[in-house]
Structures are given as C-alpha cells and as structure tokens.
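Quick one: the structure is below, questions incoming.
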Amino acid sequence: MATERHYSPLDRLLLQADTAMRTLLPFSGQPARPSPAIIQPDAELDEQQTRHIAGLMRINHTGEVCAQALYQGQALTAKLPQVRKAMEHAAEEEIDHLAWCEQRIRQLNSHPSVLNPLFYGMSFGIGALAGLVSDKVSLGFVAATEHQVCKHLDEHLEQIPENDGKSRAILEQMRVDEEHHAESALEAGGYRFPAPVRFGMSLLAKVMTKSTYRI
C-alpha cells in the first residue's frame, strides 16, 4: 500500500514557486487533456472580430491565472489533508484551461495580459488568507469564485461568433469544469457566501476583466 508523502514547509514553498513560474511563463503549463479546439475548423474572422475574441480569451486566461493562484494559496494553508488534496487537484485541472486559453490567444496573434503577475500575487494572498480562516470558508470562496467564472463564460459565449468553433469549444468545456469545481466545493462543506459578499467579489472581478481586455 502506497504511503502519502509528507512535505515540509520549505518543500511546499518551493512547489508554490515552481507552480507560479509554470503559470506565468509563456507555454510553461502542459495540459493533461488536449484542447477541445483541436477538432474544430478554422473560422474566417475579420480584424475587429479577431481583436475582440482575443480580448475575451485574454480575460479568461487571466481568470485561470487567478484560479491557479487561489487554489495554490488555499492548498498552502488548508488545515485538513483532504481539503489540501482537493485544492491541488482542482489546480491541476485549471492548468488545462490555462494552456488552452494561451494557445487560442496565440492563434489569434495576440498575447496574455501583462498584469498576470499582479493578479497572481493578489489571488494567492486571498486564497492563503481564506485557508487560514477555515477550510469551510476556503471551500466557500472556491464555490463563489467558480460561479462568478461561469457567469463570465456565459457572457463571453454570447459574444463569440457562432463560426468560431475553436474559442467556443474551449469556453464550453471550461464552463462544465468550473461548474463541477463549484458544486464539489459546496458538497465538501463549503460556506455559501451571502449576497453582499458575492457582490463585492463581482466588483473585484470587473476590475480584472476591464483591465486585461486590452493589456
């Protein structure tokens, strides 16, 4: 029977640094699943459509950077081993989304946001603080965040042209995964945040979306 490996605080910090580099450096994240866009044909898009879709995908990419940092921060301070493992597993799935979005951004001749390091640091700190409060709050924060992401994905799917099958396939699969993460966090005992807290989180999300659409 395999024994679970126990990491020292230094080991965990080094792992966090490695994850941060793989999240922020171009083409560093290797997805476990192939991009859903692979089987979709190329679409004929005009310059304005291409620029707008690239902006939306840049927002989604930064959202995945934030999710990765959030999960890593929570995993660092989670009190129960099973909660820590759940956070780490969710972070691994977010790597897929991160890589898929970056691939699509490059295909559209654009680039990820230069603000990603800033948002990574902020999200990591929020995640670590949530984990320090309690695992229940930490899991609740995951659920609220993922529900907010699903809302953004729905809005973006309404804006992306029907003939852009590549972008739509990526966002549709992300939508399925994020909803699963949210429900799993609640089923694990996550706290359901009240409306005022969710509203505050939505305001912070708007800061991210407005700033990363162009840069």
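Glycine is no exception: its Cβ is also placed from the backbone N, Cα and C atoms.
Feature annotation from Swiss-Prot assigns Fe cation 1 binding site to Glu64, Glu94, His97, Glu178; the stated evidence is sequence analysis. Per Swiss-Prot, Fe cation 2 binding site is recorded for Glu94, Glu146, Glu178, His181.
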So of Glu146, Glu178, which of the binding-site residues has the fewest other Cβ atoms within 10 Å around its own Cβ?
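Selected from the binding-site residues Glu146, Glu178 on minimum Cβ neighbours within 10 Å: Glu146.
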To the nearest whole angstrom, what is the C-alpha distance linking Glu178 (Fe cation 1 binding site) and Glu146 (Fe cation 2 binding site)?
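Distance (Cα to Cα, whole Å): 6 Å.
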Between Glu94 (Fe cation 1 binding site) and His181 (Fe cation 2 binding site), find the distance joining the two CA atoms and give it rounded to the nearest Å.
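Distance between the two Cα atoms comes out at 10 Å.
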Note down the number of other Cβ atoms within 10 Å of the Cβ of Glu64 (Fe cation 1 binding site), including every protein chain shown.
24
Cβ distance under 8 Å to His181 (Fe cation 2 binding site), same chain, sequence separation 6 or more: which residues?
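Listed in sequence order: Ala90, Glu93, Val142, Glu146.
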Using the Cβ centroid of Glu64, Glu94, His97, Glu178 as the reference point for the Fe cation 1 site, which residues of the same chain not in that list have Cβ within 8 Å?
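Counting only non-site residues, the set is Gly63, Ala67, Gln68, Glu93, Asp96, Leu98, Val149, Met174, Asp177.
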For a quick check of packing: other C-beta atoms within 10 Å of the C-beta of His97 (Fe cation 1 binding site), how many?
27
According to DSSP, which kind of secondary structure is Glu94 (Fe cation 1 binding site) found in, if we only use helix, strand and coil?
helix
